[in-house]
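The next block holds one structure in the form of structure tokens; read it before the comments.
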Amino acid sequence: MQHYVTPDLCDAYPDLVQVLEPMFSNFGGRDSFGGQIVTIKCFEDNSLVKEQVELDGKGKVLVVDGGGSLRRALLGDMLAEKAAKNGWEGLVIYGCVRDVDVLIQTDVGVQALASHPMKTDKRGIGDLNVVVTFAGVTFRPGEYVYADNNGVLVSPSPLKMPE
């Protein structure tokens, strides 16, 4: 597992990276993560999140535009454990998570806005691999996202940690 330091990436690639507004917190068991972006756009319905974490996620980060909802959790312990089992590097969730005491022990990166104990509805509503924009940054499927306890950033191409 590669360790990323976002300040070092910003220093090494200042013209390449876009930094998200500082509203995310680390809820996962990994201090840092990065990989190729897979996007979901949904609102208080995590059906597509469930579908995606059941697939092979090696080298990928699931970016979930949950509309910034603070009323439901788009990720909990069971889905985080599936994501870890299937090799996902991490998830960036513009929304809430729950089961935070288990998430912090799960080998997957999780950046989200807050915790909330209420689960979502499962209506099968949402869009997969569409361009999404939140926190002042646009996420395009196939681009790259990197996160640590300092922040989250996006790059159009893969980045290497400076030596």
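Keep in mind that glycine also has a Cβ here, set from the backbone N, Cα and C atoms.
Per Swiss-Prot, the features are:
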BINDING   G76, D77, M78, L79, R98  substrate binding site
BINDING   D99  divalent metal cation binding site
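Within the set of binding-site residues (D77, L79, R98, D99), the lowest number of other Cβ atoms found within 10 Å of a Cβ is recorded at D77.
Take the binding-site residues G76, M78: by the count of other Cβ atoms within 10 Å of each Cβ, the lowest one is M78.
Note: the CA-CA distance between G76 (substrate binding site) and D99 (divalent metal cation binding site) rounds to 5 Å. D99 (divalent metal cation binding site) sits 6 Å from D77 (substrate binding site), taking the CA atoms of both as reference points.
In three-state terms derived from DSSP, L79 (substrate binding site) belongs to a helical segment. Largest Cα-Cα distance over the residues recorded as binding substrate, namely G76, D77, M78, L79, R98, equals 11 Å.
Listed in sequence order, the residues A73, L75, A80, E81, V97, D99, V102, L103 complete the 8 Å Cβ shell around the substrate site centroid, once G76, D77, M78, L79, R98 themselves are left out. In the three-state DSSP assignment, the secondary structure recorded for D99 (divalent metal cation binding site) is coil.
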